[in-house]
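Asks: Sharing a structure below in structure tokens format, with a few things to ask.
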Amino acid sequence: MLVLGIESSCDDTAAAVWDDGTVRSNVVSSQADLHEEYGGVVPELASRNHQRLIVPVVQRALAEADADARALDAIAGTYGPGLPGSLLVGLSFAKALAQGLDVPLIGVNHLEGHVYSVDLGPERPARPFLCLIVSGGHTELVHVGDDFQHDVLGRTRDDAAGEAFDKMAQLFGLGYPGGPDIDRHAESGAPTFHDFPRSRLDDFDFSFSGLKTSVLYYLRDRSDADRERLLDEHLDDLCASVRAAVVDVLVDAVRRAVEATGVGHVAVVGGVAANSALRRRMKALGDDEGVDVSVPDLAYCMDNAAMIAQAGARRLAAGHASPPTLDVHPSLQL
């Protein structure tokens with residue numbers, strides 16, 4: 001089954017070809033440099049650039065897969081959640097291509113794509129498993145059963161983990177996206193430099209707004225000279241301290257969920273799953289709790305179309321297809 005996946009939910013334009021269990025191509029065109037000067041994604045700029053990039057990205061994905069579009073069995077496209085304008089570009093292209101080739105259209109939930117991205121690697125988790133989705137826009141803990149059976153145990157009540165990293169990086173004078181910059185600096189810093197707050201809720205929900213506010217006040221309540229000296233001399237330590245605060249909260253929630261459910265396999269997916277400390281801590285959690293932990297390769301942590309193509313193929317095999325009237329759902333949930 002040859003499936004073309006298209007992903008454009010935020011600021012990455014992506015296309016990939018999935019062929020019966022194999023990723024034949026996975027092309028991603030990032031707009032990070034374009035949005036860096038604004039400190040975050042500008043929706044209008046993102047959608048405009050998706051329009052410019054969608055055709056060459058799809059052409060490249062087909063070329064790298066050595067695949068003829070006429071041989072495709074289906075087109076899978078992200079229809080939510082995400083930025084409305086960005087979603088429209090990718091889904092409209094997917095709908096037109098499916099209609100032109102007379103093949104099924106499969107609408108894919110971006111979050112479902114992340115959940116099953118763990119199956120793109122060698123460590124495919126047994127079902128059921130717990131899945132921690134951590135990205136710029138979402139932080140959710142999900143119990144995953146058989147295909148398409150998802151039970152959300154908890155989600156963020158305010159900022160997502162990736163969003164918190166971006167905002168704290170901005171306070172530190174770092175670039176966008178901020179998560180990778182914080183992670184890089186943190187590797188050389190002392191996580192015990194400052195004890196920033198950890199919000200541990202009674203259920204499995206998350207909250208990172210308190211941490212973000214604490215960092216803001218920690219810097220704001222200093223003279224300009226003192227703040228400049230602090231950021232100059234202890235940037236690595238500050239990054240390590242905030243990274244530790246975020247990772248502690250995430251790992252603690254997963255540990256409690258493992259104990260509450262008895263599930264023996266955990267997956268960590270999404271852009272923040274690329275965070276080196278989170279990957280190490282989750283592996284350590286697996287050793288401590290006697291559970292298997294799966295984390296996708298870095299290429300599949302970030303937004304990509306391979307996960308969309310694979311999820312689409314999975315739905316097509318189950319007899320699911322979307323009508324040509326499928327519309328975008330920016331606030332779609334699992």
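Including glycine, each Cβ sits where the backbone N, Cα and C put it.
From Swiss-Prot, here are the annotated features:
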type	residues	note
BINDING	HIS110, HIS114, ASP303	Fe cation binding site
BINDING	ILE133, VAL134, SER135, GLY136, GLY137, ASP166, GLY179, ASP183, ASN275	substrate binding site
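What's the neighbourhood like for each of these?
Replies: A coil conformation is recorded for ASP303 (Fe cation binding site) in the three-state DSSP classification, outside any helix or strand.
A sphere of 10 angstroms centred on the C-beta of ILE133 (substrate binding site) encloses 27 other C-beta atoms.
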Asks: For ASN275 (substrate binding site), just count the other CB atoms lying within 10 A of its CB, please.
Replies: 27
Asks: Report the largest Cα to Cα distance, in Å and rounded to a whole number, among the residues ILE133, VAL134, SER135, GLY136, GLY137, ASP166, GLY179, ASP183, ASN275 that the record lists as binding substrate.
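Replies: Looking at ILE133, VAL134, SER135, GLY136, GLY137, ASP166, GLY179, ASP183, ASN275 as a set, their Cα atoms extend up to 18 Å apart.
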Asks: Give the distance between the Cα atoms of GLY137 (substrate binding site) and ASP303 (Fe cation binding site), rounded to the nearest whole Å.
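Replies: Counting only the Cα atoms, the answer is 11 Å.
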Asks: How far is it from HIS114 (Fe cation binding site) to ILE133 (substrate binding site), counting Cα to Cα, in Å?
Replies: 7
Asks: If you take the centroid of the Cβ atoms of HIS110, HIS114, ASP303, the listed Fe cation site, which other residues of that chain have their Cβ within 8 Å of it?
Replies: GLU7, SER9, THR78, LEU111, GLY113, SER117, SER135, GLY270, ASN304, MET307, ILE308
Asks: Count the other Cβ atoms sitting within 10 Å of the Cβ of GLY137 (substrate binding site), across every protein chain shown.
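Replies: Step by step: centre on the Cβ of GLY137 (substrate binding site), count other Cβ atoms within 10 Å, giving 21.
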